[in-house]
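Participant: Below you'll find the structure I mean.
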Amino acid sequence: MAIYRVPICSAFLALLVFSSLSPARSEEGGAEGVQETAVLTLDASNFSETVAKYPLIVVEFYAPWCGHCQRLAPEYEKAAAILSKDDPPVVLAKVDANDEMNKELASKYEVRGYPTLKILRNQGNNIQEYKGPREAEGIVEYLKKQVGPASVEIKSSEDVSSLIKDKKIFIVAVFPDYSCEEFKNFMAVAEKLRSDYDFGHTLDAKLLPRGDLTVSGPVVRLFKPFDELFVDFQDFHGDALENFIETASVPKVTTFDKDPSNRPFLMKFFNNPNTKAMLFLNFSNEYFDAFKSKYYEVAEHHKGKNISFLIGDLDASQGAFQFFGLKEEQVPLIILQETGGQKYLKPNLEPDQIATWVEDYLSGSLTPFKKSEPIPEVNNEPVKVVVADSLHDVVFKSRKNVLLEFYAPWCGHCKNLAPILEEVAVSFQNDDDVVIAKMDATANDVPKEFNVQGYPTMYFSSASGKLVQYDGGRTKEDIIDFIQKNRDATIQDATIQKDTTVQSESLKDEL
């Protein structure tokens, strides 16, 4: 039987960012009044054939139950209608990645969350992540730049004013002529990174704002709306140039607020593999400037030490607070999350405590913070409720056979599984050695012993401590059979061990 599971990925935080910045809509919000004719519907049967027809096509991998997908749908449709009239047209398509027939397709394109958008070029051989806006106007603007040359030639001051904006990153290369090797390398990097950045090139540095206006190049100048506002670079080797762009385009401290122009930097922050330090406070409070000054000093001091810094406005951070299990009364607070998921928290922070707290983390003297719901005072339903603070006692210390489901309240597959687990639990309710339990993995931290990559995920822990992930069918009979087989093995092992002990004792008596 097919196993359905809602995938989890690092982009989940990015979706929290988008949801906090987007206008509110109901979960059921669809493309009311818009006939879905401009967005192509693809599946495994026609995907390759359709992609091969277009030099560029954008594909959204979605799930019908996904609220973010539902909110995107009318904007995606509007953008598709506009872009279909361009010359050449930009084609937008969608694939139901939740459909069993498209699972292999979703796996091929590394779909780990919904919605996932991919820009496909050259019959699908060139694959890039879509990292642009999620509203129609922004989608159109972003995708129009994906057509034509990857870098635009700057010939006049009018070109400069139309291309280089105060709130965006723009990368310009200055050359003495366009026949040099450096120009070829620059264009190759621009083509590779065009979905993430805007590129330009010119023969006249005098047209550019900021910096030395007498250079003839070759030199790359990266304009940015933060920190030192621009930086120059002269190594045109592909890897070095890519690394420079990726590094220089990250703010010393990323700002998390409701300004849409900060979205690209937030995406970079949350997708970065570094340890993440996040300071949350009220931007309108009188103490904001003191916190910001101290925080920037700490960020500068730890630059290059694999820690990324973010400062977040309480008003824009409700999704993040829910994700991390934080409370408004803890503000100002700083939370630090490692790549492996370990977290550290300092609530009710003072500005002068920031530097010391980060140093304490680096020295290993802090105690990790664990997100957990309260342990239930009453837990008498057939399926027992487990929280982070009770998991080890219920699963590993109870010496019982425990089937534990990790679920999300919004997950459709979890809702379908709930009555089945209830029936399984009722079947074992007179058996004190078997426990059927569940844990809300969105409200509790999942221990590292469990590899929860999607919802629902089930694990069985035998009385002897053997931990096995359940990947069987989703019927009552399938689950009961699995428990009995694994439990029987545990009982058999215990019986063999007991028999061996008896034989040994008997042998000792004879000797």
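Glycine is no exception: its Cβ is also placed from the backbone N, Cα and C atoms.
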Participant: Could you tell me which of Cys9, Cys66 is bonded to Cys69 by a disulfide, according to TrEMBL?
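Facilitator: So the cysteine paired with Cys69 in TrEMBL is Cys66.
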Participant: Going by TrEMBL, tell me which one of Cys180, Cys411 is disulfide-bonded to Cys414.
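Facilitator: TrEMBL lists the disulfide between Cys414 and Cys411.
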Participant: Taking just the CA atoms, what is the gap between Cys411 (disulfide bond) and Cys69 (disulfide bond) in Å?
Facilitator: 14
Participant: Please work out the helix, strand and coil residue numbers for the domain 'Thioredoxin' (16-148) from the DSSP assignment.
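Facilitator: Here the numbers are 46 helix, 26 strand, 61 coil.
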Participant: Quick one: Cα separation, Cys414 (disulfide bond) versus Cys66 (disulfide bond), in Å?
Facilitator: 14
Participant: List the helix, strand and coil residue totals of the domain 'Thioredoxin' (361-488) as derived from DSSP.
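Facilitator: Helix/strand/coil tally for the domain 'Thioredoxin' (361-488): 37 helix, 28 strand, 63 coil.
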